[in-house]
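Here is the structure we will look at, set down as structure tokens.
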């Protein structure tokens, strides 16, 4: 190890959605705090695609993506799923779908009830709001009591292509209550609009926290790859050894030069649901059996590290439209050779389709009153025999949704379906299509993140256990059937849909058909979480406590969505920001005690 070292009060590992928030808020808390943010990727400032909302797919599998994939997933015919994660300042907030869907109130109340005081909806709402500057629109019925007005993250409502108005009309016609701002309010049923992390045609990300304005006591070190956290043993009881996190061992991702960064106060790990457990395991914190397998000395046997991998499975169902003017297909597919022109126009005006994220209205629903599946009925009978339980066969409470649905404003097929001359799936100039995406809110599947070797730079072994649970498959299939019914019978869309897309496809007509449709057309919504689970001390699979402190390690916390014991019934961007805000609140509280 070269004698390259520096000392800071706080070191934050990972400049993504949560980590950038933690670093910024710590630096502005006290001018005499010396804060260091370590990010494996480059600065976002020269990565223009990270600023253009409609260019997020250009970021995937690029050098700004960690480039992870899962192992073959048996639940969908041994397909490998992509697992994109941003590798630059801003992390995945620089390449996600820009959606601010906080989840249902009961999601957070349930997390608190699991032995995590301070994480209920009422506790978390101030942390959702503090990050945000919400920009209202005249057409949008916003509930300003749940929005922030002075944060670094600029958000606004969105309504774009004409197909979105048609889809909204169909949902309302089919009995979904219109609640415009429901995804900020914590509702669990209805149809409304999802606020976007876009303002005036430009994506806003967690990197904006670092720039508004810059802080002299915040040291941002980009292209620094963290190898491990250095632990110093401070006691060894008959039950568990205790350690103190003292430094971070790392290297320059370009030159390979080695560094040690020392922490006077705390190290905060915010590397995400794949990388945070990896860093812990390479530091000797994890399941002893697995660490022995990859020849890493186990200093602290925490079997929950890398377990409880959560995600939201989604299914894509696409429709051909009779009117090509209803979507953005003409820009995306018909004039694909004009992409450079549209990019230049975006830089000049921020006004074309690239300044939008082409999703329409969103809806939440429950399926327990409509599902007719033997798998569900059998599981339901088991739940009814348990008089103490209020959860249903899917694991959801009565005030949590089973399914989220949303429409797109262009053809938006599953990532594994490739367009070829032999099998064309992109609409031609005289064609238009859109997609209805169905998301499973409370998936029972639980996956794992494991190390491939003891080399920190090797990619992890990711198993999402996608659709491995028969209840998950049954609920998602019923959700697809309900969504299809809305579009085919709703007054806004029933007369403008010509049939399935691509034209060679067909719509299922029974539950077995919908299950097969899910297996073929499903994927991940890229909402990984849960791998450093927050739990009560009695839970043997817990990794951090309710104040995000790693068990039996002083001065080490995890602050990202890996700490969630259950995923929110929405999208993980909003809780990622709120976790960063709340983590700093607790760090500062503890520093003053």
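Even glycines carry a Cβ here, placed using N, Cα and C.
Record features (TrEMBL):
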| type | residues | note |
| --- | --- | --- |
| BINDING | 17, 18, 226 | FAD binding site |
| DOMAIN | 272-286 | domain 'Glucose-methanol-choline oxidoreductase N-terminal' |
| ACT_SITE | 527 | active site, proton donor |
| ACT_SITE | 571 | active site, proton acceptor |
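All features noted in TrEMBL, drawn onto the structure.
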residue: 17; record: FAD binding site; CB count, 10 Å: 32
residue: 18; record: FAD binding site; CB count, 10 Å: 34
residue: 226; record: FAD binding site; CB count, 10 Å: 26
residue: 527; record: active site, proton donor; CB count, 10 Å: 26
residue: 571; record: active site, proton acceptor; CB count, 10 Å: 26
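A mean pLDDT of 98 is what the model gives for the domain 'Glucose-methanol-choline oxidoreductase N-terminal' (272-286). Between residue 17 (FAD binding site) and the residue listed as 'active site, proton donor', the C-alpha separation comes to 13 Å. Distance noted between the C-alpha atoms of the residue listed as 'active site, proton acceptor' and residue 527 (active site, proton donor) is 7 Å. Our reading of the FAD binding annotation (17, 18, 226) yields a largest Cα to Cα distance of 17 angstrom. Of the recorded residues, residue 527 (active site, proton donor) and residue 226 (FAD binding site) place their C-alpha atoms 23 Å from one another.
Sorting the domain 'Glucose-methanol-choline oxidoreductase N-terminal' (272-286) by DSSP state (H, G, I as helix; E, B as strand; all else coil) yields 11 helix, 2 strand, 2 coil.
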